[in-house]
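Have a look at the structure below before the remarks.
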Amino acid sequence: METRDWNEECAVVGVYNVQNAAVSAYYSLFSMQHRGQEATGIASSNGEKLNCIKNHGLVTSVFCDETLSKLKGFSAIGHNRYSTAGEDSMADAQPVFARYDLGEIAIVHNGNLTNAKQIRNELIAEGSIFQSHMDTENLIHLIARSKKEALIDRIKEAVLRVEGAFCFVILSRKKMFVIRDRHGFRPLSLGEIKNPDGSIGYIVASETCAFDLVGAKYVRDVKPGEMLVFSKEGMQSHSIMPANPYPCVFEYVYFARPDSHVFGRLVYNIRKAMGRELAKENPIDADLVIPVPDSGVAAALGYSQESGIPFELGIIRNHYVGRTFIEPTQQIRELKVKLKLNPIRELIENKRIIVIDDSVVRGTTSKQIVKILRDCGAKEIHMKISSPPTISPCYYGVDTPSVGELISARMSDEEVCKFIGADSLSFLSLEGLKRSIGVEDYKFCQACFDGNYIVEIKE
Ligand code: SF4
């Protein structure tokens, strides 16, 4: 899935008790750039004052030595945005910063609040004025309007009013608060950084690949329903709502980096296992297994190892394709595939090819891939997908097409195969997906595959 049909869903980071915390936040955001490329931002605190810089663009284009030098302090939070709720405007970039009766506060959020409209309407009826389209702004208002005295109590009260998917990282001048929703839809991990003076600093991030870059040690995941409070006294954990974990299985299929540990497991191993299961479920005689890079690589390796059919990098991805600044019409999406993916004719010509991709969303990308392989003289093209057909949109923090645009919601597998022009098409079954993850007590959100939503959407 290489034309951002199923867009990533933001990254958050929080760093506490680390010298120049903003620099660690910067590197963490850099390592999680795949989760959002629209906008990025960092807020930091030196104990007296919060500073916040955010802008459209990639982490490396928004931040430089000069901007980072303005973000002094021992704590920092950061965000990479891919628009989920809200619109693509500067007002919708994060962190969300506000001044209120207790001082200054900044919030970053990964997820999507399912009762956001309801709460916003209530707040507007009571006189609140909103600056952005983001559901995240609701939380600022709920905190600012609370009658409780202590910030921690205000945050608890506010968080208990919102529903859906959220990982919040909240920065005040002296403290940092981290909250994960009761279902733990989106990943959030806790790490420690050993400071030069021997003291311990803390980091929370959407993916553990962020820890590797800043030399942090993974400690554990933030638990569903848990609030962590970081202060000069160290870290405190509070269970603020009953946990009912349903983490997002699509993190394993596509979103997360393969070198991240997500929900306690290495993503790379799970993707390879998906490829192996796919080979067991869908054996076929062929000359080569090739991945759609990059997200299909690990599954293709697994398929090749299980089936004994040689693996080749038959399609090369251009990583340097930027935005086209044109509306994403069907025509432009097709051009984007050609800009990004180029097959190696010498490997493809006269071969029976198994192509492994992680998912089929609109079908446009797969159709283009089949076409470029046919143009290279492939004898047979067998498209194999390392996840089940995606039939329902996500309401828990992922920017997905509407149900009408999801090809498998409208067509049978045979019809999809005909549409994309492949000789055969097969998907991993839901049972195969479960076996790949390899846990006895499998309990994941898989609503985009089966349409069973754990949390209802309140309009
Ligand atoms: S609906 Fe799909 S993408 Fe959304 S949280 Fe559930 S599994 Fe993940």
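Counting starts with 1 at the first residue shown.
Each residue, glycine too, has its Cβ placed from N, Cα and C.
Pulled from TrEMBL:
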{"type": "ACT_SITE", "residues": "Cys10", "note": "active site, nucleophile"}
{"type": "DOMAIN", "residues": "10-233", "note": "domain 'Glutamine amidotransferase type-2'"}
{"type": "BINDING", "residues": "Cys248, Cys394, Cys445, Cys448", "note": "[4Fe-4S] cluster binding site"}
{"type": "BINDING", "residues": "Ser295, Asp357, Asp358", "note": "Mg(2+) binding site"}
Give the sequence-ordered set of same-chain residues, not counting Cys248, Cys394, Cys445, Cys448, with Cβ within 8 Å of the centre of the Cβ atoms defining the [4Fe-4S] cluster site.
-> Phe185, Val249, Phe250, Tyr396, Val398, Gln446, Ala447
For Cys248 ([4Fe-4S] cluster binding site): intrachain residues, at least 6 apart, with Cβ closer than 8 Å = Ala165, Phe185, Arg186, Pro187, Phe255, Tyr396, Val398, Phe444, Cys445
In Å, rounded, how far does the Cα of Asp358 (Mg(2+) binding site) sit from the Cα of Cys448 ([4Fe-4S] cluster binding site)?
-> 14
When the pLDDT values for the domain 'Glutamine amidotransferase type-2' (10-233) are averaged, what is the result?
-> 93
Distance [Cα-Cα, Å, rounded] between the residue listed as 'active site, nucleophile' and Cys394 ([4Fe-4S] cluster binding site) | 14
Of Cys10, Cys248, Asp358, Cys394, Cys445, Cys448, the recorded positions listed, which put a C-beta under 6 Å from ligand 1? Please answer none if none do.
-> Cys248, Cys394, Cys445, Cys448
Cα-Cα separation of Cys394 ([4Fe-4S] cluster binding site) and Ser295 (Mg(2+) binding site), in Å?
-> 19
According to DSSP, folded down to helix, strand and coil, what is Cys448 ([4Fe-4S] cluster binding site)?
-> helix
Where Asp358 (Mg(2+) binding site) falls in three-state DSSP terms | coil
How long is the line from the C-alpha of Ser295 (Mg(2+) binding site) to the C-alpha of Cys448 ([4Fe-4S] cluster binding site), rounded to the nearest angstrom?
-> 18
Asp357 (Mg(2+) binding site) to Cys448 ([4Fe-4S] cluster binding site): how many Å between their Cα atoms?
-> 17
